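Each remark here refers to the structure printed beneath this line.
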């Protein structure tokens with residue numbers, strides 16, 4: 001009686017019911033490899049969910065998420081029932097009939113899991129599915145989700161070594177090169193002392209592995225696996241609750257640079273406690289702004305005396321940022337008005353941000369939850385390689401070329417990666433000679449509040465303009481606009497959940513009290529105009 005949906009997070013639910021889904025996802029991963037003629041991947045993880053949950057994420061040959069036009073295939077295969085008209089074998093035969101299979105390619109699927117107790121059995125089920133298609137599974141063991149994505153991408157790019165050591169080596173060498181290219185490089189390298197909340201997940205142990213290759217990177221990893229996965233810890237918990245994770249204390253950790261990653265290490269956020277005991281969060285919006293500022297500085301060094309992002313020998317370089325409507329209004333204003341960058345808004349979901357960032361020469365994207373990365377076009381990277389090889393005089397232009405190439409090696413261009421993201425943050429802070437407080441001062445967040453309203457049928461609401469406006473029912477958008485008019489710095493939008501019958505409300509205003517009030521008033525409008533169920537929200 002269960003129906004499984006494949007979204008940005010792949011399949012994700014209580015682990016005990018995922019056995020058949022894991023097997024069938026293996027079938028699909030094998031099929032995808034046979035059709036594309038390249039290696040694909042499969043990760044058993046439920047990311048920031050509780051330990052009793054698990055999930056399955058598919059990895060496309062690019063290293064990115066499963067192609068959107070294959071998501072319906074994933075759902076058809078997962079939900080096929082032999083006693084009904086749509087049988088599993090029929091779904092597989094339909095895919096084979098409609099998609100051309102590479103006859104001389106035997107297929108290859110890389111598979112990995114996180115540290116959840118249920119992971120090993122689900123990997124075994126997925127392996128059986130892969131083998132059922134006559135494809136060879138390659139079990140990469142326990143990895144972060146971004147590591148498996150990186151390995152699939154590296155495999156199809158023809159990298160000579162595709163394993164954990166190759167991943168760590170690539171990141172650490174690029175990190176060291178960027179520090180060497182710093183014009184403000186100190187005579188005696190300073191130690192980077194960072195306290196890490198590992199969410200009791202796979203990222204904790206992987207960060208300790210990386211630390212062995214980087215001298216001067218001192219990571220004190222807490223929640224390293226001794227406690228329950230994601231319980232009162234991890235990037236999702238810290239970003240949403242805006243509180244310290246378990247194992248941290250305001251007095252003992254005052255003014256220390258702290259980082260939190262989620263259960264499968266594809267999200268990160270920084271935080272600190274100021275001397276007055278106040279908690280400060282530097283989320284995905286702040287990370288995006290920091291990266292964009294650094295990248296613009298490198299582009300300006302390439303431009304020389306030119307203007308409008310015109311680089312001699314290349315032309316206009318398209319540097320831009322990609323966000324969702326959940327990005328804090330102050331961050332978007334900083335990117336547009338201070339940095340002068342184009343900002344593209346997309347619907348919620350990493351796959352949408354990634355697709356837009358791919359259209360740029362340098363595309364930076366982050367969701368507020370800390371999931372994001374930097375993408376470079378192959379045309380721009382080819383230009384940087386030619387420029388780097390054309391001169392041995394290490395002038396400011398050549399240094400900028402080498403820095404951007406090193407960034408392209410250090411960041412994970414397949415997907416958001418907390419480990420490579422941490423290294424990138426530390427590079428930029430070192431170049432800027434900043435601590436987290438100075439970084440935090442880039443802009444001040446507009447106070448915000450998120451709520452959700454239970455409704456009878458979430459499909460009664462449709463949105464447009466990257467989910468910032470309600471197109472149906474029309475009277476709901478009118479009610480939202482009327483509420484927003486009454487608040488200083490007011491902004492609000494609603495969007496239906498992709499997985500449950502709830503409508504999510506987001507509101508910003510000049511003070512936290514006003515943001516709370518605006519969110520509550522919009523929630524009432526949703527309840528009254530979109531078929532709310534259960535207790536009615538109260539206006540403030």
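Note that Cβ sites are derived from N, Cα and C of the backbone, with glycine treated the same way.
Residues annotated as domain 'Alpha-D-phosphohexomutase alpha/beta/alpha' in TrEMBL: 39-77, 99-156. Annotated Mg(2+) binding site per TrEMBL: 47, 262, 264, 266, in sequence order. Residues or ranges marked as active site, phosphoserine intermediate in TrEMBL: 47. The domain 'Phosphoacetylglucosamine mutase AMG1' annotation in TrEMBL covers 283-434. The feature substrate binding site is assigned by TrEMBL to 367, 368, 369, 495, 496, 497, 498, 499, 504. The annotation domain 'Alpha-D-phosphohexomutase C-terminal' is assigned in TrEMBL to 468-523.
The Cβ of 498 has fewer other Cβ atoms within 10 Å than any other of the binding-site residues 496, 498.
Between the C-alpha atoms of residue 367 (substrate binding site) and residue 266 (Mg(2+) binding site), the distance comes to 12 Å. The two recorded residues, residue 369 (substrate binding site) and residue 262 (Mg(2+) binding site), have Cα atoms 10 Å apart. Residue 498 (substrate binding site) is 20 Å away from residue 266 (Mg(2+) binding site) when you measure Cα to Cα. For the pair residue 504 (substrate binding site) and residue 264 (Mg(2+) binding site), the C-alpha distance works out to 25 angstrom. Residues near residue 47 (Mg(2+) binding site) in space but far in sequence (CB under 8 A, at least 6 apart, same chain), listed by position: 9, 12, 55, 145, 236, 262, 263, 264, 266, 267.
The record gives 47, 262, 264, 266 for Mg(2+). Within 8 Å of the mean position of their Cβ atoms, the other Cβ atoms in that chain belong to 45, 48, 114, 144, 145, 201, 203, 235, 261, 263, 265, 267, 418. Take the CB of residue 504 (substrate binding site) and look out to 10 A: across all protein chains shown you find 20 other CB atoms. Across the domain 'Alpha-D-phosphohexomutase alpha/beta/alpha' (39-77), DSSP assigns 10 helix, 13 strand, 16 coil.
Ranking the binding-site residues 264, 266, 367 by other CB atoms within 10 A of the CB puts 367 at the bottom. Residues 367, 368, 369, 495, 496, 497, 498, 499, 504 are listed as the substrate binders, and the farthest two of them sit 20 Å apart at their Cα atoms.
Applying DSSP to the domain 'Alpha-D-phosphohexomutase alpha/beta/alpha' (99-156) sorts its residues as follows: 26 helix, 13 strand, 19 coil.
When pLDDT values are averaged over the domain 'Alpha-D-phosphohexomutase alpha/beta/alpha' (99-156), the model yields 96.
Within 10 Å of the C-beta of residue 262 (Mg(2+) binding site) there are 32 other C-beta atoms, taking all protein chains into account.
Its Cβ taken as reference, residue 369 (substrate binding site) is surrounded by 24 other Cβ atoms within 10 Å in the chains shown.
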